[in-house]
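> Provided herewith is a single structure, encoded as structure tokens, for subsequent inquiry.
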């Protein structure tokens, strides 16, 4: 899967540029200068008709070719007329925090939006660090856009609370709606999905990824309209309820443009075989369980390998949620074409992996559990010379579990996969030497996330802090934009980050640092920093105050289980009127003791053009 990291590349927030007051125009001063020049020459000149209108038409045509948000945001800051034209031509809007502005402000500025990407809760919500029912409601957004943008075609939501009523309103309000993607969302069920499937007759994309979908015991697959569909992508691997396979098979047959299909664990290997026979044009396949039903004795099983051979276009493979090892070799025939392979749900051993990975010479993206061990990573390093992204997740996430991957595997990857650009690596132990080798062998890294699961763990060999390893990463990887640090780290590691991490936009810290100096080094030294998330670290009010000059230009700051006082939080709130400061307990307890003692449990600080939100639950205090 590469979806989340497409999200990580969304580097510029539109809310930062959504102030309704456009930049001052220089047209009046230019006009005065022209008049003075003409008078000094003693002749009259008539200006061409509507010069501003002509220039705006030219600019409008040019901006159609400008797709980068960063570039468009820069254009909007040039002058008043450019600001106006850019707003008129903006078709796609990305909002990195749903509370950074109101729907009304969005609609006032942009009149022609066809695509909306909206994010809600911060990332630490994925680790149960945010209480349930905190917020991030989609309801006000869909209500506002339903009236303002009846031509809306695409909605991509991440960590939002979406109800079935929201989905019904969406389906009824946008007759030309084509794409719905819900990532890590909650609040809705199969009833809402059924309405979208039934009423959005031009639907091309319906992707449900890592979302909590309530089972309403409704056959939502059967709700797609009869006849040929426009579907190009259908993902429902996170739906934890059985589906009507006959209806799914018929839907696949009626979807000649279908390129991406990701099924859930209730689709057996035999059923997957039937789907592949029906849709040999697939390029991305999520296999579901990858385990066969009980085949009656004497009955011949389908030729799974032949089905994969027939799907010559497959380049992305995922799923394997309840796989049977003896069937894994069936995918061998497509391995040479694969650019993405996701085993992050499969407990695969090194000896299972090796016959597969040895044929994957073109892999760019590889995700797996740490069950592949260092031995499996060495096999990846020996074959996957084109690898750009690697993610290794823990099979057993407990801090005291045995770690099957280590610095040995990391160093092997760095030596064999020198084109690597992004890595997420969970392990129980690590060495400075392995991290330093990664920095030297893979200087093109833009994302380095090392999660040493045990708290305050030093170099596994020398017993020293991990300062030098992370220091080498920020020194040698000049393009680094995202960094996650862990293990035993002193303030010195953060001094390296502040000195060399000039392009870092996202920094995640867990159980690290000695004092407020560490936080000050980062806040004063990383000019591009947009997202700062810290947990269980000894940072207090002094460190918090060191970033006062930065917070108005950052998307958010998250501090949980640190040493921040309520008074320190209030001081930030009073000094920065465009910054919202929320404090709350980890479990959503209404008891004020969670925030009125010496330290607040959680601080969530973010910029907002429209002030504090109106839907904060009782356990959230907005200072």
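Don't overthink the numbers, they just go from 1 along the chain as shown.
Every residue, even glycine, has its Cβ placed from backbone N, Cα and C.
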> Same 1D-myo-inositol hexakisphosphate site as 158, 159, 391, 447, 448, 449, 482, 530, 531, 555 according to Swiss-Prot: which of 119, 199, 354?
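So the 1D-myo-inositol hexakisphosphate site in Swiss-Prot includes 158, 159, 391, 447, 448, 449, 482, 530, 531, 555 plus, from the candidates 119, 199, 354, 119.
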> Given the ranges 18-48, 49-79, which one is assigned the annotation region 'Disordered' in Swiss-Prot?
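Checked against Swiss-Prot: region 'Disordered' maps to 18-48.
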> Look up region 'Interaction with auxin-responsive proteins' in Swiss-Prot and report which of 451-455, 456-460, 461-465 it refers to.
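So the range that Swiss-Prot calls region 'Interaction with auxin-responsive proteins' is 451-455.
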> State the non-local partners of the region 'Interaction with auxin-responsive proteins' (394-399) in its own chain: residues 6+ outside its ends, Cβ under 8 Å from one of its Cβ atoms.
347, 369-371, 426, 453-455
> By CA distance, which of the recorded sites (210, 426, 535) lies nearest to residue 119 (1D-myo-inositol hexakisphosphate binding site)?
210
> Would you mind listing, in sequence order, the residues at least six apart from residue 159 (1D-myo-inositol hexakisphosphate binding site) in the same chain with a Cβ closer than 8 Å to its Cβ?
119, 120, 121, 122, 123, 125, 126, 136, 183, 184, 185
> Give me the count of other Cβ atoms within 10 A of the Cβ belonging to residue 449 (1D-myo-inositol hexakisphosphate binding site).
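I count 17 other Cβ atoms within 10 Å of it.
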> Using C-alpha positions only, work out which of the recorded sites 210, 426, 535 is nearest to residue 447 (1D-myo-inositol hexakisphosphate binding site).
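Result: the closest of the recorded sites to residue 447 (1D-myo-inositol hexakisphosphate binding site) is 426.
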> Could you pull the average pLDDT for the domain 'F-box' (54-97)?
78
> Of 210, 426, 535, which is closest to residue 449 (1D-myo-inositol hexakisphosphate binding site) if I measure between C-alpha atoms? They're all recorded sites.
426
> Does DSSP put residue 159 (1D-myo-inositol hexakisphosphate binding site) in a helix, in a strand, or in coil?
coil
> Count up the helix, strand and coil residues in the region 'Interaction with auxin-responsive proteins' (451-455) according to DSSP, in that order.
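Across the region 'Interaction with auxin-responsive proteins' (451-455), DSSP assigns the residues as follows: 0 helix, 2 strand, 3 coil.
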